Each structure stands twice: as C-alpha cells, then as structure tokens.
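Take a look at the structure below.
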Amino acid sequence: MKQYHDLLKHVLEQGAQKGDRTGTGTKSVFGYQMRFDLSEGFPMVTTKKLHLKSIIYELLWFLKGDTNIEYLKENGVRIWNEWADDNGDLGPVYGHQWRNWNGEEIDQIKEIVHSLKHNPNSRRMLVSAWNPSVLPDTSVSFSENVANGKAALPPCHAFFQFYVADGKLSCQLYQRSADIFLGVPFNIASYALLTMMMAQVCGYEAGDFIHTFGDAHIYSNHMEQVELQLSREPRQLPIMKINPEVKDIFDFKFEDFTLEDYDPHPGIKAKVAI
C-alpha cells in the first residue's frame, strides 16, 4: 500500500497546522488523490492490522439502508457507538441517503445498478450522502440532532461515482474530510469492496478505485502512531474472494466474503477524535 504511505508522508511534510471541531488539532492538506488497480490485490493496509469484520458489516449496514447501530452491535461492531442516541439511532446518515434520499422513495443504489446494466456509458452514475437539509447543528449534541430529525454526523465520504470502460467497472470516491490514520484505511477497503460487489452483480470486472480527498488530516494525537506505521515495510496485498453465486447487490451476507493471504503487522491503537 505504497499509495497510503505516500499520503501519510505528504501530510507530515506538507501539511498545515489547523484547528478542528473536536479541539484535538490536525496537520492537514487540501486536495489529494490515490488510485488502486483492483486486479493487483485487495487494498487492505498491511502495516497495521485492520478489523475486516467491521469493514464488511458496516458496508452491508449501509446497503440495508439502516441507521440504527443494533445490527452492528449484534455482529460485534462498535465503530458507531459514540455517536448514537440512547435508542441506537444516528438519524439520516449514509444508509438512509443511499437508499431513501430525503425520506422519499429515491433509492440511489438501485438506480446505479439499473444504469450499470442498461446504460453503462452514463455520466450520471453518482451516489450522494451529502444532504444539506439534514446536516447536524454543531451547537447541540449528537442525540439532540437525531431527535430533531438531523444526522448525528455529516457524511465524511460524501459521494461516489461509477465509470465503465473496456468491460471494467471503476469507482471514484470524494471524501470531504479524512482522518487518515484511523478512518482512511477503512474507507479504502470499504469502497474497493463495494466496487467489486457492484462489478460482480452487473457483469463487469473490477477496475480501479480512485480515492479523492478534500481536507485530509492527521490528528495531533496520532503522530507517534503514524511514525510507527511508516517505519514498517508494506507486505503483499491480500486477495478478496466473493461468493460468485450472489447476483443481487442486496443479497450479500458476511459469509460471502473471504480474505486470503492477509499478513499484516500488529494493530496500532489510537483514540478517535469525537
């Protein structure tokens, strides 16, 4: 994952010191892009161990259109716990916008599948999670926003677009805000997997995953962890195997995915900025 290490180095060397909503402080750059050829292996960071279970279940949760953390908790995934209200609700976050835009019957994922199958040259194959009408009020708590019909958090990975050429499906993600140490490795793997899933159900080979950033930052309390990670040598990328029998994007289950030859360095703990 040279691309990811290059991003870390770029921010350390070129980043500006900036404050942020959480009060933690960051080193940040504005505008950066990485590209991953999915035929060269699954882009799962190897210089620290990632929790694949969380990545897969979160993606399946998005695709279900779910916005309550109960499904995640039932499957041992805790990455959204800090932002949910007492009932486990997060308000109209990613899954709601993907599957039920603005509370209307606009299923962006179904529309993408239809376009990929029937109009693959379309330049309108985008999914947006950025909905200004439900952005949270930063002056109140996460739970108050949810009670007011707003999202607990605004989407960081805001929208993505698909592109078909030469029988291959590629995806580009625009991420407006990126916690490079903790969040970005998850985001890379999640959208690479989504691209592979879409390719399978729509009859394409997986092409490239392109990851474009707005504000890409390293939190000030992650600097030691980043230096440790950069001291490690990246290892060969693993291979993601997907059950070839699944032909509907909404039919995937956790058991349909097998990651082979993943040999990462040990995990590196760090605090999430809340």
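Quick reminder: no glycine exception, Cβ is built from N, Cα and C everywhere.
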| field | Listed in Swiss-Prot for the (6R)-5,10-methylene-5,6,7,8-tetrahydrofolate site shared with His51, Ala273, one of Asp137, Asp179 | value | Asp179
| field | One of Asn145, Asn187 listed by Swiss-Prot as binding dUMP at the site of Arg21, Arg123, Arg124, Arg176, Ser177, Ala178, Asp179, His217, Ile218, Tyr219 | value | Asn187
| request: Could you state the whole-number distance in Å separating the C-alpha atoms of Ala273 ((6R)-5,10-methylene-5,6,7,8-tetrahydrofolate binding site) and Arg21 (dUMP binding site)? | output: 9
| query | From the Cα of Cys156 (active site, nucleophile) across to the Cα of Asp179 (dUMP binding site), what is the distance in angstrom? | reply | 9
| Looking only at Cβ atoms, how many others are within 10 Å of the one on Ala273 ((6R)-5,10-methylene-5,6,7,8-tetrahydrofolate binding site)? | 19
